[in-house]
Amino acid sequence: MDEDLTDRLRAQFARRLATESGSERGEAAAQENREPRTGANTVGWDQQDQLKSELPDQEGREAAAGLEGEWDAEEPGPSEAGGGSEREPGSPQPSGSRGGELAGRRERRGEPREGQNRQHWWKPGSFHPGTIQEMYWERSKRRYRERALKLSIKNPNKWKYRQDKKPHGLAPPRPEEPKEIHVYKEDLLIPSQARRPTVRFSFQTAFQKSSQWSTVSPSGSVINELAKMGDPDVLEMVQQDRRFSKEERYSKANEDLRSGESSFLICQEPRFKKDEQSKDSIFFRDGIRKIDFVLSYVDDIKKEAELKAERRRQFEQNLRKTGLELEIEDKMNSEDGRTYFVKIHAPWEVLVTYAEVLGIKMPVKESDIPSADRLPFSCMLEPLKLPRDVKHPTPDYFTVQFSRHRQELFLIKDESSFFPSSSRNRIVYYILSRCPFGMEDGKKRFGIERLLNSHTYSSAFPLHDGQYWKASEPPNPVNQRNILYRNWARFSYFYKEQPFNLIRDYYGEKIGIYFVFLGFYTEMLFFAAVIGLACFIYGLLTIPKTSGSSSEICDPKIGGQIIMCPLCDELCDYWRLNSTCLASKISHLFDNESTVFFAIFMGIWVTLFLEFWKRRQARLEYEWDLVDFEEEQQQLQLRPEFEAMCTKRKLNAVTQEMEPYLPLCSRLPWYILSGVTVTLWMALVVACMVAVIVYRLSVFATFASFMESEASLKHVKSFLTPQITTSLSGSCLNFIVILILNFFYEKISAWITKMEIPRTHQEYESSLTLKMFLFQFVNYYSSCFYVAFFKGKFVGYPGKYTYLFGVWRSEECDPAGCLVELTTQLTIIMTGKQIFGNIKEAIYPLVLNWWRRRKARTNSEKLYSRWEQDHDLETFGSLELFYEYLETVIQFGFVTLFVASFPLAPLLALLNNIIEIRVDAWKLTTQYRRPVAAKAHSIGVWQDILYGMAVLSVATNAVIVAFTSDMVPRLVYHYAYSVNESWPMSGYINNSLSVFLIADFPNNTVPSEKRDYNTCRYRDYRNPPDSEDKYAHNIQFWHVLAAKMTFIIIMEHVVFLIKFFLAWMIPDVPKDVLERVKREKLMTVKILHDFELNKLKENLRLNSASSTDFAKHFTIKENQANLAESTP
């Protein structure tokens, strides 16, 4: 009864197969299954691919792989080309379960059934003449011969293509126990036309996998290298490499299946209906296989539609060959009705193969190293800490690089969750970036990036775990995105620490280390901000008590009686010194005794920041298993664009292998073009800065004459002087020019870097970093350098002013110095850049996502699935992280290079970074698609840039204090020229201003309105007009200049001495981290040693047992032979 039921179910499935596929093969199989105990079931190529993508576990893929049995190299004869699965009329039919089993075994061995004519016997794998299968088979053989011929001509001893395997029919073994119902996965062949599974089945394997130790194949390194090259047949080679062990395992399995159990359930409805599936599901339709990656594309009606369709077909076919499983969602199921989605799942065999190729470290044993001791005052920081399960989501483990031949060594509790999602999408993207899709223009084309650039696919991204505002529901795994949003991406958590381990697990090490760096930089800014705020408060409190320049300038009896020379020719009038009273008080806020102290402190702070960051980075390398991570692993991973452009190969001196090579002469023109372009753009920045200076010079006279003539502006003259008005408008204009130049240069620099064809991704990023940083350094800092080091230094004197291009008179500094203007320039550019950057990062993706969802057609009857939700988000490009680093480094320059002129710069940077961390976390968690995980052990070339800026900052701050502020001239006057012992700074303003005789003005520079003044004053140290050498520099000028140079030398040497001493005294790696690294290396070596020793003992025991059995068997056979000879 049970046997009849089994036959009827198989016949029903075969009839469904024939109905849905419309093939003669399915009808023949149905006719054969109507008869009891038929042997074979024939399978086509399309069904093999569908089986690989639909069966969820390893045995299903092996069943599909088994369809591609070995074939004879000879041409099939007439008897092989014809025939089918039907038995000859009149031939005897074996009866009973034993007869069916014998028939199936004969067919698997390539023998005809009982009573079947050998001339007309159908051999499994042959096809009817003239059918599609036969034509496909002939074309496959022809392609193989052509490929073999081309390769033999190029290099007859190098590579040989394996012949494409001809499919064989499957004859699943029949169990001897008639009471049990067995369904073999080889029989469950789902046609490629069916979009939904019509069979739901479950298996309980009747045997446990053998625990015998597997030996490492000598071809493992070859397989790994082919995987790095993107060979689509690498999984098939892995299976062939393990064929011997599998044959032993399955032969044992077939024997054990007789006493085992298998259960199945056939239903007419699919397991998951589309309209009933959860919109947050991250699985295939079977609810078992997790979606690791998603590709999307839209039907193209242009000329290249057929070409793109062919590229997609070949690309997806090659993806299936690598072992990836694909499931396609039709455009009618999408929200907009136009987009196809290709869901990709990486099965276990693919994950273990490429985890070894990429050198991913996985846990082997829970760590026994105790956690670090708590700090003495750590209880005071409890409000700033996160819950322990969020900060440390997984325990600490000893890890080693994964090996597919040592799977028993690792802590594999569940294969579906053993590899974290970041590692899974990293592996899939590695395959996608190296998978070929055909030959075009005589060159091999491959890589998902090239397909995205040609719009063959519209997007490629890994899925988020679920919606960020709610936790996941079973059967979905834990929604790490929701945990990150609740504990990291909310602005109300601005005072909390960041969950770095969770960020690393979800986004990968490269993004994780950026947030670690940004958080550490923000923590260190807190100390600099406190000291800077204290210096500012000191200047604020000492304004009323000061006896320096500002008190004399504001005094009507001193500053009100001093007549200053005109600030421009003809249009400007004479003015009184006390009109700059407010500017002199503001200048005192930043130019006081604490300025020198703060400049020296920031030089020391920079050193401490960099040294402590090295220690934090070393600790991070240990915690994230990056101790043995070498950049050379990245170097060996060539960019697909580089490999595609290379036509030559050369021997690598390190690996001793042939690798793609591009001669320098091919890239030299692009290097020259790149250098010329960067130089021209930096010259353009300088030209724009000169244009802004011209603007300031040309509008200054206009502002001055307008404010003098307009009576309504009398009340604002005290704080809105022509100098301040010109400085504010010029700074704002300069900031707008900076943003415009940045916008265009970003596009040009990215294009030029691509044209250079860098070898690796690291070389690409390094080249782009150098171009972008050089340009932005000049773009953002050029105006600050001009005000700090050039403005007012080469003005000349009345009657002999210097002119820009012979037309515009050079700018002069305020009598209180140029420090106020430098502070204004720095504040506008730094604050404007930070505000603009945060608004752009927060509003731009939010508006784009809203507009994209608004344009999409909304239909409530359709399922807005997980992949469609992510598809509507903004793309996190490969250079997004680069621009985040660039923004932080430019801010670091503002904080360090010109901090002597603006002690509040660290405080503004601190407030900006507190907002920046949450904005970046919010946009990455809610507004962007999930980026592909990448590995990194440091911040890369940015660390060298920070070191360079730290050294430069010492020199710039020393020069600012010496030449831009009035600190050194006041000290010289105090100790060398003051005559009032009780009030040493009395008379400083009068001493710092020289006298000019108005009668000596040339006619073209004298003011148009006549005044009853004989002399005017100007800022300089020159001889009076009654001197023999009038208007020449006096002795005080040279004393002040010598004091300035002495101050620069002393300050630089003191700061550098302290820097070098701190760098020598602070070790790069903490002592406890060194001990932990040594302990982990010792334990991993011990674990590997014990593993190999146990494996050796097991192999010796098995070999000994097999030798004993062979000896017993040989003795029995020998005794039987002797007995037979002795018997008459």
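Each residue, glycine too, has its Cβ placed from N, Cα and C.
Since this is a predicted model, take the numbers as computed values, not measurements.
According to TrEMBL, the features are:
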type	residues	note
COMPBIAS	1-10	compositional bias 'Basic and acidic residues'
COMPBIAS	22-37	compositional bias 'Basic and acidic residues'
COMPBIAS	39-48	compositional bias 'Polar residues'
COMPBIAS	49-62	compositional bias 'Basic and acidic residues'
COMPBIAS	103-117	compositional bias 'Basic and acidic residues'
DOMAIN	283-499	domain 'Anoctamin dimerisation'
DOMAIN	503-1080	domain 'Anoctamin transmembrane'
REGION	1-134	region 'Disordered'
REGION	157-177	region 'Disordered'
TRANSMEM	513-541	transmembrane segment
TRANSMEM	595-613	transmembrane segment
TRANSMEM	671-704	transmembrane segment
TRANSMEM	724-745	transmembrane segment
TRANSMEM	768-789	transmembrane segment
TRANSMEM	889-911	transmembrane segment
TRANSMEM	945-965	transmembrane segment
TRANSMEM	1045-1066	transmembrane segment
Can you tell me which recorded stretch out of 671-704, 724-745, 945-965 has the most Cβ pairs within less than 8 Å of the transmembrane segment (595-613)?
945-965
Let me know the model's mean pLDDT on the domain 'Anoctamin dimerisation' (283-499).
87
State the residues, same chain only, that lie 6 or more residues beyond the ends of the transmembrane segment (671-704) and have a CB under 8 A from a CB inside it; answer 'none' if no residue qualifies.
567-568, 571-573, 722-723, 725-727, 729-730, 733-734, 737, 741, 745, 748-749, 752-753, 755-756, 767, 771, 774-775, 778-779, 782-783, 786, 804, 808-811
Are the transmembrane segment (768-789) and the transmembrane segment (889-911) close, by which I mean at least 3 Cβ pairs under 8 Å that are 6+ residues apart in sequence?
yes
Mind checking which residues of the chain, 6+ beyond the ends of the transmembrane segment (1045-1066), have their Cβ under 8 Å from one of its Cβ atoms?
596, 599-600, 603-604, 606-608, 611-612, 615, 950, 954-955, 957-959, 961-962, 968
Beyond the flanks of the transmembrane segment (945-965) by 6 or more, those residues with Cβ under 8 Å of it:
591, 595-596, 599, 602-603, 606-607, 610, 769, 773, 787-789, 793, 817-819, 822, 889, 892-893, 896-901, 1044-1045, 1047-1048, 1051-1052, 1055-1056, 1059
